[in-house]
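S.K.: I have a structure here, written as structure tokens, and I will follow up with some questions on it.
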Amino acid sequence: MRTPKHDLPEAVAKRIPIYYRYFKLLETDGIERIKSEQLAKLVAIPSATIRRDFSYIGDLGRSGYGYEVSHLIQIFSAVLKADILTKMAVIGVGNLGRALIENNFRRNDNLQITCAFDTNPALVGQTLNGVPIYAIDQLATVIPAAGITTAISTVPSEASQRSAEQLIDAGITSILNFAPTRLQVPRHINVRYLDLTAELQTLLLFEE
């Protein structure tokens, strides 16, 4: 599995999009500068952690002065490649896949689902929210032609490994997998897992 760019530890890499989102909100509110202690309250992350996270990227602020919002937006935008459009494919147009396509990252200008794939003949050939739905066996031709390297897999666990193999054969190098099954993939393939059931069970552990 690939490591994040800029030699960022995985925990830090997961927090960078959070920082970026909040700096964008600060910019919208007309705030030009913020200190780490103030930012810590907004993002619910300790200020010491924020300063340590930022140190992995560079000297982003000055002691006693804080962080310039516009400068941090530029830095995080470059790290996240926020100025580059990333086209994605969705594999599996069930309830979850359909919801993702309907939303299609409407709050992010640089993320866009441009095609979807399913095994259901009744869905193949249809268009959902402007996104065409293809048959799974069309992966090998559609993905390379569209220049897509990122896919979101919403297929059931029993189909996730086979789906991943087909995606990789088609040129996909990054996969967001909603099935809990750990995929066996080459080292250069980047896989992230999002198990909604596990997240909810973890949440309930803290319920009084």
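Every residue, even glycine, has its Cβ placed from backbone N, Cα and C.
Annotations for this protein, taken from Swiss-Prot, read as follows:
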type	residues	note
DNA_BIND	18-57	DNA-binding region
BINDING	Gly92, Val93, Gly94, Asn95, Leu96, Gly97	NAD(+) binding site
S.K.: Tell me the coarse DSSP state (helix, strand, coil) of Gly97 (NAD(+) binding site).
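M.R.: In three-state terms, Gly97 (NAD(+) binding site) counts as helix.
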S.K.: Excluding the flanking five residues on each side, which residues at least 6 beyond the ends of the DNA-binding region (18-57) place their CB within less than 8 Å of a CB in that stretch?
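M.R.: Residues 6-9, 12, 65-70, 72-73, 75-77, 79-80, 82 contact the DNA-binding region (18-57) from elsewhere in the chain.
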S.K.: In this structure, which of the binding-site residues Gly92, Gly94, Gly97 has the fewest other Cβ atoms within 10 Å of its Cβ?
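M.R.: Each of the binding-site residues Gly92, Gly94, Gly97 was scored by Cβ atoms within 10 Å; lowest is Gly94.
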S.K.: Mean pLDDT, the DNA-binding region (18-57)?
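M.R.: Across the DNA-binding region (18-57), the average pLDDT comes out at 92.
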S.K.: Could you check the binding-site residues Val93, Leu96 and say which one's CB has the most other CB atoms within 10 Å?
M.R.: Val93
S.K.: Residues other than Gly92, Val93, Gly94, Asn95, Leu96, Gly97 within 8 Å, Cβ to Cβ centroid, of the NAD(+) site?
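M.R.: Going along the sequence, the neighbours appear as Val90, Arg98, Ala99, Leu100, Asp118, Thr154.
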